[in-house]
Amino acid sequence: MSASKTLLICWLGLVLLSVGTVALGGLGTSLALAGGMLAVALGKAWLITDGFMELRHAPLFWRVLLFGWPLAMAGGVWLTLL
Amino acid sequence: MSISTDPAVLSAGVARRLPGDLAMWIFILAELAVFGILILAFAVTQMLHIDLFRESRLALDSSTGLALTLGLLTSGLFAALAVEQVRGARQDRAGWLLLAALVSAGVYVVLKLQEYGHLAGLGYGLEYNTFFTLYWLLTGFHFLHVLLGMLILGYMANRCRIGAYAPGTSRSGLESGVLYWHMVDLVWVLLFPLVYLLG
């Protein structure tokens, strides 16, 4: 698959996940829904770091380091909601 | 230090390398650390004032938040495609794609300014309550990064126009500028649910 097609697929995934985030938010407020929204945000972060930022081609250290940020943020926010 | 490489080399499994300059990645990590502190401060304060945050969040429109998100993400796509075009020695197309990225980012700016104006008109200023203090600080800080990113996109579009990324020349500057723009996207995908939806 060409790099441009990969980018377009990443973008499409990001759009769908963004719409999904708002849909989840419209369902109400609960811990499960909040967890779902944070999981969706993590999916979007992965598409950006591995797709747009091309970290899928980078050494594992950098890949883990950059994805570690959204993971830490989502985990931290989740803990405050418990 | 430039450590860029072509996707063709990477797909052949010859090397796994980081796109852009190492200095840009260190800068990105520093920026993410600052945003991380602000995001966690927002989340912890929300935990302490859960009802206040829930009520204040009603003043925000999640549809506007979605439109802001799509504006930024589409801009990120155009910027990433521009890098691919430069790698394929098609600088003219890259220049147009960077301009498209600027227009898409402009949609974000216009919508965000409208939201700011709307909230300020309703009296929800920086000192209205704790939620809005953090809302203005967090989104305002991100907004400034968007504006800086747009300056970088415009600079790189002009560089494409004058043929500065010709084959054989370094592309790490372009890759680094686009990486900065993706960092702005990355921060927003966490900010959006936290500020507009969660709680």
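Glycine is treated like the rest: Cβ placed from N, Cα and C.
Residues annotated as transmembrane segment in TrEMBL: B:22-44 (among others). When Cβ-Cβ distances below 8 Å are used as the criterion, the transmembrane segment (B:22-44) is approached by residues 1, 3, 134, 137-138, 141-142, 145, 176, 179-180, 183, 186-187, 190-191, 194-195 of the same chain, each at least six residues removed from its ends.
Annotation comment: TrEMBL describes B:22-199 as domain 'Heme-copper oxidase subunit III family profile'.
The transmembrane segment annotation in TrEMBL covers B:64-83 (among others). With a threshold of 8 Å between CB atoms, the same-chain residues lying at least 6 positions outside the transmembrane segment (B:64-83) that come near it are 19, 93-95, 97-98, 100-102, 104-105, 107-108, 111-112, 114-115, 146, 153, 156, 160, 171, 174-175, 178, 181-182, 184-185, 188-189, 192, 195-197.
Under the heading transmembrane segment, TrEMBL lists B:95-114 (among others). If you look at the transmembrane segment (B:95-114), the same-chain residues 6 or more away from its ends with a CB under 8 A from one of its CBs are 64, 67-68, 71-72, 74-76, 78-79, 81-82, 85, 139, 143, 146-147, 149-150, 153-154, 156-158, 160-161, 181.
According to TrEMBL, the feature transmembrane segment maps to B:134-157 (among others). Sequence-distant contacts of the transmembrane segment (B:134-157) (same chain, six or more residues past either end, CB-CB distance under 8 Å): 31, 35, 38-39, 41-42, 45, 56, 60, 72, 75, 79, 82, 95, 98-99, 101-102, 105-106, 108-109, 112, 125-126, 173-174, 177-178, 180-181, 184, 187-188, 191, 195.
Outside the transmembrane segment (B:178-198), and at least 6 residues removed from its termini, the chain residues within Cβ reach (under 8 Å) are 19-20, 24-25, 27-28, 31-32, 35, 39, 42-43, 46, 57, 60, 62, 65, 68-69, 72-73, 75-76, 79-80, 82-83, 101, 135, 138-139, 142, 145-146, 149, 152-153, 156. Summarising the annotation, TrEMBL assigns transmembrane segment to B:178-198 (among others).
Computed over the domain 'Heme-copper oxidase subunit III family profile' (B:22-199), the whole-number mean pLDDT of the model equals 96.
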